[in-house]
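Engineer: Can you keep this structure in mind? I'll have questions shortly.
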């Protein structure tokens, strides 16, 4: 059994039962409980019986007390987030229902399998560094595995993904849950997961210059980035160029690769080339001294010169 409605009373006020004189097992409550007396509990207000494998939501009930008065043993409070990670139908949870087969798993709460029900499934996606997420691939499946989309009113449907944040690593998956969907005569639960995808990171090699005849000596710190978040950093990249000491003056690509730094596994990296420009080398040509005789036209030897700076 389970109860989701809000409860208000003067005494013996409980989310599942006001007073228990028997046995409660395999049950839960999620509604807000408001009582004017001290015998107020998220599950039972006044307990003279036995409670086992029964749970309530401390986030929605407004109390952390499972039982208000009487036999105080039994009952376990879980926050809404805990219901996603260790609720009684979550694999590996230390908390269980007496008869798990009587339930259909859902986020955050399960529903009874024997009664008409609709499971709303979806897929969530968010990008590393962002808290916002999108929801897609909605499906509505009833207890007979048939499409029930026409039966569900979704105008108030909202999705929550409390297990993931802007700092969750890419590839991390967490359960989402929904609220607000309605279908007359049906229980509704949600089965959905949110997954963090990689953020985009751009790394651009900055332009550099060299002189004709010299081997390029690239400064590997000459790059810029765009898209880093969460304090991540690019501490180094490898820069290379096709230019060599034999290359003519002109422009050649500088290629960046092999980025290094903390957190870079969370990014899809796009490298952008820079330009390596080879400028002319300095060349000096000096005419050598020559002589002539008075009265004769100068006859210069055009090979009488020297150079400095030639390479290759």
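Every residue, even glycine, has its Cβ placed from backbone N, Cα and C.
Predicted automatically and left uncurated, TrEMBL annotations should be read as such.
Pulled the feature table from TrEMBL, pasting it below:
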| type | residues | note |
| --- | --- | --- |
| REGION | 1-21 | region 'Disordered' |
| DOMAIN | 202-277 | domain 'MBG' |
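Give me the lay of the land around each of these features.
Structural biologist: Here the region 'Disordered' (1-21) has, by DSSP, the following mix of helix, strand and coil residues: 0 helix, 11 strand, 10 coil.
If you take every residue in the domain 'MBG' (202-277) and average the pLDDT, you get 98.
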Engineer: How do the residues of the domain 'MBG' (202-277) split into helix, strand and coil according to DSSP?
Structural biologist: 3 helix, 39 strand, 34 coil
